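Asker: The structure that follows is given in the form of structure tokens.
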There are 4 protein chains.
Amino acid sequence: MESSVRVKLLTFTPTPDDVVAAAARLCYSPSTAEDLVVEFREGKRQSGLFIRKLINSGHLSPLEHASFTFAVDGISRACSHQLVRHRIASYSQQSQRYVSMDEARYILPDSVKVDARALSIFKEAIRYAHEAYKSLVESGIPLEDARYLLPNAWETRIVVTMNARELHHFFSLRLCKRAQWEIRRLAKLMLTEVRGVAGGIFDIAGPSCITKGKCEEVNPCGEPYGSMEELLN
Amino acid sequence: MESSVRVKLLTFTPTPDDVVAAAARLCYSPSTAEDLVVEFREGKRQSGLFIRKLINSGHLSPLEHASFTFAVDGISRACSHQLVRHRIASYSQQSQRYVSMDEARYILPDSVKVDARALSIFKEAIRYAHEAYKSLVESGIPLEDARYLLPNAWETRIVVTMNARELHHFFSLRLCKRAQWEIRRLAKLMLTEVRGVAGGIFDIAGPSCITKGKCEEVNPCGEPYGSMEELLN
Amino acid sequence: MESSVRVKLLTFTPTPDDVVAAAARLCYSPSTAEDLVVEFREGKRQSGLFIRKLINSGHLSPLEHASFTFAVDGISRACSHQLVRHRIASYSQQSQRYVSMDEARYILPDSVKVDARALSIFKEAIRYAHEAYKSLVESGIPLEDARYLLPNAWETRIVVTMNARELHHFFSLRLCKRAQWEIRRLAKLMLTEVRGVAGGIFDIAGPSCITKGKCEEVNPCGEPYGSMEELLN
Amino acid sequence: MESSVRVKLLTFTPTPDDVVAAAARLCYSPSTAEDLVVEFREGKRQSGLFIRKLINSGHLSPLEHASFTFAVDGISRACSHQLVRHRIASYSQQSQRYVSMDEARYILPDSVKVDARALSIFKEAIRYAHEAYKSLVESGIPLEDARYLLPNAWETRIVVTMNARELHHFFSLRLCKRAQWEIRRLAKLMLTEVRGVAGGIFDIAGPSCITKGKCEEVNPCGEPYGSMEELLN
């Protein structure tokens, strides 16, 4: 069965914009951190503008005080292998060593989906691999060894926690049109989720065409994004 | 003026016990992370017992999904220098480069406080250093250079974010009786704060005399803690 | 074609034992770091005994000053996915997005190898997946999408750098009999390599049965190692 | 006694340019890592040009395979407090808790040195603080408490290990004219050292005026560097 990516923001640091802004202000202020949070929470100061200045000035460490935890389902093992290469983050992933894969759930690339012959080859190969996997399990081969036959396309589930600084870094790399389509799709859903709760921090995010107003890639894609709206559609 | 340490839990990942337990279960379960969080939040499963098993088995990575942010006031620069050596954490610290130190606020060690002669030497030295600092500032020396005269005892303020795994590591080192008194005092206040909101995760925490039931130090202090109550008093 | 793991120590910090010992001594000594390195290099002090004391006392941070870089070939993508979960390390991995997989090179689990029927199913499934992959590539499907059909067993190559502290942590987890066989095999080869050049640092390394003299696992394997010799054979 | 900063490259990954280049090439090549290192070492490929392309394209992770360890003497505790805020690095620092400070060794800011009155205030304050420290020690106050009186100017020693990626990040921040003078001076010496052994990796390094050809600071200093020569003089 074809799976598709689902992202749910499981939990996050409450009022992330205010926490980040207060921590940043502490560096230059004689006030206590607690008083500063209150000022932002009560609206005496606007965290949004303050955060934009922070980000523009490259003073990014205060962004680390806000964390976001996502439940991600319906991504391939190819995608999760890319994802976990981001080391300033925390992961809990469903294990193919312990969970039996009774049902064939896989990710189908668009390039395959639109090509009838390729689609048929793809589905047949998935089916074949799954049958072989099940045969091995039935013969008594341990799950952890039978899974050597499961393809990269196989669905996985993972809980991911990143702080806002690392998320910005992640979005700058993985929302670029030169990133692979599957992790781009995941990153877009993650960005949409965090913009709903941290509109100041993630007002502007993504590749350099968005954040710097011009592409900084050595081999540009040639079709830079013009706006956040375009990026998120 | 003598300062003393104040710790305020500014913010944290809501329902930390449930988030950690759900992430951990995902690794071995065919359910989605979202469903697992709901099961724990609704009390269908008990996160407390589950987390204790996790920690005992050394499967610590799920603890990283819960973060805690503290406002810390009234610690010395000696103490903050030790604190920031913990690298899996985020810090925003009041800068002596930008904030003028008009008032003398300092940390006074107990060993000095109980010794009248030492106390007098200490206070006089603080006063002298502060006067010299102010003279330099008045002569036009930049704040960032005048502060070279400020002593280690000088008060600083810092916002600290650590996840629950790093907090356990921090508590194991810094609540040991062989740690320095100032950072022990800080760690104790931090532990008290997080136990109030994450009783499962921090039910047991501290040096090996508490967590392992026996001292693992090469040079033991000889007076191991007998219980969490004793540690927290 | 069946592949098997090959590990080559590409490069490392020269005289790692002496560097670690000198850095550790600096903390408690009025000498300069440079003089301390010379003392160890010239044999005036013995780094071996000194390092053993360090490790026993849990003062592990000086171990970070020595780094080791391995070229690893012949591991499966299942194994590399586990490997890169170790975040305090650096990786450069051959990309299935850019390198065409013209030849079928895969890792074969022992449990399959010893079972004629399973072996036949396994090999046939590998062959089928590779044929499907090649058909997709010939139809013009991009490499990065065709690889969704490649199985976990597929061979990958990776350059890994870890410092000595992280290596000790890696060995403690991955040389335990409860770790998966493939990463255990990899870890054993890595340990053999580093013992050849850093005999002091890695004199004792591995799971708790070796380093603590008793198993600390919640679910012990029941067959603890008795000695480093047994572990390395 | 006035101290001044001394930096000695204690050790480093041998042939760092070749190792980095080979690791980077592995990602896109069907060769083994070992063969690639040989090609670069034997000069069949030029690592210098290759590394410049890497850095320009923002593909920075291969830089992590080369590490550099510095012995740093003659910096103030103010400076070491800034230094250790770089978390992707390893430190071993001389401890004021264990090493008695019998001699007054301190860092003197230039702004003070050129102002006779300020200089006299400064030196007198250092002397006063040291006398008070020694009085406390003589009265039986523990070293770890007596040091609360030592000023930020006090000399410290530290062993620092950073990989080439983090060094580039460090240089981009700390060689900017807006960074504090003491850590700039330290960074310049560190850069000079690594350029001697890793000319490819550190051919271009420093703030954005050097690496990007234009200042990216929000509040520019107004006097951007024109060349590496100017930066290093």
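Cβ atoms here come from the backbone N, Cα and C positions, even for glycine.
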Asker: Of A:SER61, A:SER111, A:SER120, A:SER139, which one shares the FAD site with A:ARG85, A:HIS86, A:ARG87, A:GLN93, A:ASN163, A:ALA164, A:ARG165, A:HIS169 in TrEMBL?
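Answerer: So the FAD site in TrEMBL includes A:ARG85, A:HIS86, A:ARG87, A:GLN93, A:ASN163, A:ALA164, A:ARG165, A:HIS169 plus, from the candidates A:SER61, A:SER111, A:SER120, A:SER139, A:SER61.
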Asker: For the dUMP site, TrEMBL lists A:GLN82, A:LEU83, A:VAL84, A:ARG85, A:GLN93, A:GLN94, A:SER95, A:GLN96, A:ARG97, A:ARG174; sort out which one of A:ARG117, A:ARG147, A:ARG185, A:ARG195 goes with them.
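Answerer: Of A:ARG117, A:ARG147, A:ARG185, A:ARG195, A:ARG147 joins A:GLN82, A:LEU83, A:VAL84, A:ARG85, A:GLN93, A:GLN94, A:SER95, A:GLN96, A:ARG97, A:ARG174 in the dUMP site that TrEMBL records.
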Asker: Are any of the recorded positions A:HIS86, A:GLN93, A:SER95, A:ALA164, A:HIS169, A:ARG174 near chain B, where near means a Cβ under 8 Å from a Cβ there, and if so which?
Answerer: A:GLN93, A:SER95
Asker: Spatially, and counting Cα to Cα, which of the recorded positions is closest to A:VAL84 (dUMP binding site)? Options: A:SER61, A:GLN93, A:ALA164, A:HIS169, A:ARG174.
Answerer: A:GLN93
Asker: For the recorded positions A:ARG97, A:ARG174, which Cβ has the most other Cβ atoms within 10 Å, all shown protein chains included?
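Answerer: For the recorded positions A:ARG97, A:ARG174, the Cβ with the most other Cβ atoms within 10 Å is A:ARG174.
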Asker: Taking the Cα atoms as reference points, how far is A:ARG174 (active site, involved in ionization of N3 of dUMP, leading to its activation) from A:GLN82 (dUMP binding site) in Å?
Answerer: 10
Asker: Would you kindly give the Cα-Cα distance separating A:ALA164 (FAD binding site) and A:GLN82 (dUMP binding site), rounded to the nearest Å?
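Answerer: So the Cα of A:ALA164 (FAD binding site) lies 19 Å away from that of A:GLN82 (dUMP binding site).
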Asker: Would you kindly give the Cα-Cα distance separating A:SER95 (dUMP binding site) and A:ALA164 (FAD binding site), rounded to the nearest Å?
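Answerer: Cα-Cα, rounded: 27 Å.
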Asker: Listed dUMP-binding residues A:GLN82, A:LEU83, A:VAL84, A:ARG85, A:GLN93, A:GLN94, A:SER95, A:GLN96, A:ARG97, A:ARG147, A:ARG174 - what's their greatest C-alpha to C-alpha distance in Å?
Answerer: 29
Asker: How many whole Å apart are the CA atoms of A:ARG97 (dUMP binding site) and A:HIS86 (FAD binding site)?
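Answerer: Distance (Cα to Cα, whole Å): 23 Å.
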Asker: Taking the Cβ of A:HIS86 (FAD binding site) as the reference point, list residues of the same chain whose Cβ is under 8 angstroms away and which are at least six residues distant in sequence.
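Answerer: Residues satisfying the criterion: A:MET162, A:GLU166, A:HIS169, A:PHE170.
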